[in-house]
Amino acid sequence: MAAFSSSSSAPMLIRSVLFVSLLSAAFVFDSGEAGAAHRVVDPEWHPATATWYGSADGDGSDGGACGYGTLVDVVPMKTRVGAVSPVLFKGGEGCGACYKVRCLDASICSRRAVTVIVTDECPGGVCAFGRTHFDLSGAAFARLAVAGHGGQLQNRGEISVVYRRTACKYGGKNIAFHVNEGSTTFWLSLLVEFEDGDGDIGSMQLKQANSAQWQDMKHIWGATWSLTPGPLVGPFSVRLTTLTTRQTLSAQDVIPKNWTPKATYTSRLNFA
C-alpha cells in the first residue's frame, strides 16, 4: 500500500515543481546583453527598450509633441525629458507622466534608475508595432551607465531596460497654466505645466466669472486643452482630474480677467 501511495503522488509532485519553476521564471527578465538574466523583484517594473537622440550630452527634444516648448530646455525638465512610443504617449494623455528607467547589463549599467518626464512621442521605427520604448536625451541615457561608461552605453544604440511609473516632483513649483498663442474670448487654449504626482491629465474643466457651472474642456493635442463656446469672461477657475488615479484639484480664479495669450499663470497649489 505504501508503494502505491508513493507512486500515485509522484505526478502531483512533478506538477508542483513545474508550477514553482514557471512562477519563478515569470519574475526574470532576460536583458539579452552579455548573456545575463536579471531578476526584477518588484512587480511594478516592466520590460521595455531604450535609445537616445540628439547630442551625447544634450537635453533632448526641443519642444516636442506635448507642446511644452522651451520648458524642456530648462530646470526642472532639463535633461530629464524623453519621447515615448504610442503605448505610453496615449494620444497625448500620457504627456507629463514620470517614469523611472533602469538598464539591465550589470557589467555597465548603474543600479540606480533615471527619472524621465514624457514630453514627446516617437511614433515610428523602434517605437512602432505596439512596442514599449523610451527615446531619451543623450544626457539621461548616459546616466543609465556606471560613472565613466556613459559613452560606451551610448555606443550600443538600442538597449533593454525596465521601467515603472513614479510620482512627478517639481521641487516646490505649483501648477501653472500657459495660455496658448491664438487664444481669444471665443477660443481658449491652455497648456498645463509642473503637475506633481500623476503628471497626466484625464479631464479638465473651466469655470467663468460669476458662474457656478464647470464647463468641460476638450483635449486637442499633447498637453493642450481648449474651450470654444464664447464669449468667455474671466477670471477663470480651472479644475484638473488626473488620468491615472482620478485625483482632482481646483485652482480658483487662477487666470485673471485681463489675461493675454502667451502668458503663464501660476496657481497656489499642486497635487501632493
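Just so it is clear, glycine is given a Cβ too, placed from its N, Cα and C backbone atoms.
Marked as signal peptide by Swiss-Prot: 1-25.
Look at the domain 'Expansin-like EG45' (63-173): DSSP puts its residues at 26 helix, 34 strand, 51 coil. Feature annotation from Swiss-Prot assigns domain 'Expansin-like EG45' to 63-173; the stated evidence is sequence analysis.
Feature annotation from Swiss-Prot assigns disulfide bond to C66-C95 (among others); the stated evidence is sequence analysis. Of all Cβ atoms in the protein chains displayed, 27 besides its own lie within 10 Å of the Cβ of C66 (disulfide bond).
Taking a C-beta cut-off of under 8 angstroms and a sequence separation of 6 or more, C98 (disulfide bond) has the following same-chain neighbours: T115, V116, I117, V118, R165, T166, A167, C168, K169, G199. The disulfide bond annotation in Swiss-Prot covers C98-C168 (among others) and rests on sequence analysis.
Swiss-Prot lists C103-C109 (among others) with the feature disulfide bond, giving sequence analysis as the kind of evidence. Of all Cβ atoms in the protein chains displayed, 24 besides its own lie within 10 Å of the Cβ of C103 (disulfide bond).
Residues or ranges marked as domain 'Expansin-like CBD' in Swiss-Prot: 186-267. Sorting the domain 'Expansin-like CBD' (186-267) by DSSP state (H, G, I as helix; E, B as strand; all else coil) yields 0 helix, 40 strand, 42 coil.
Comparing local CB density within 10 A for the disulfide-bonded residues C95, C109, C168, the maximum falls on C95. Mean model confidence for the domain 'Expansin-like EG45' (63-173) is a pLDDT of 92. Counting only the Cα atoms, the space from C109 (disulfide bond) to C95 (disulfide bond) is about 27 angstrom.
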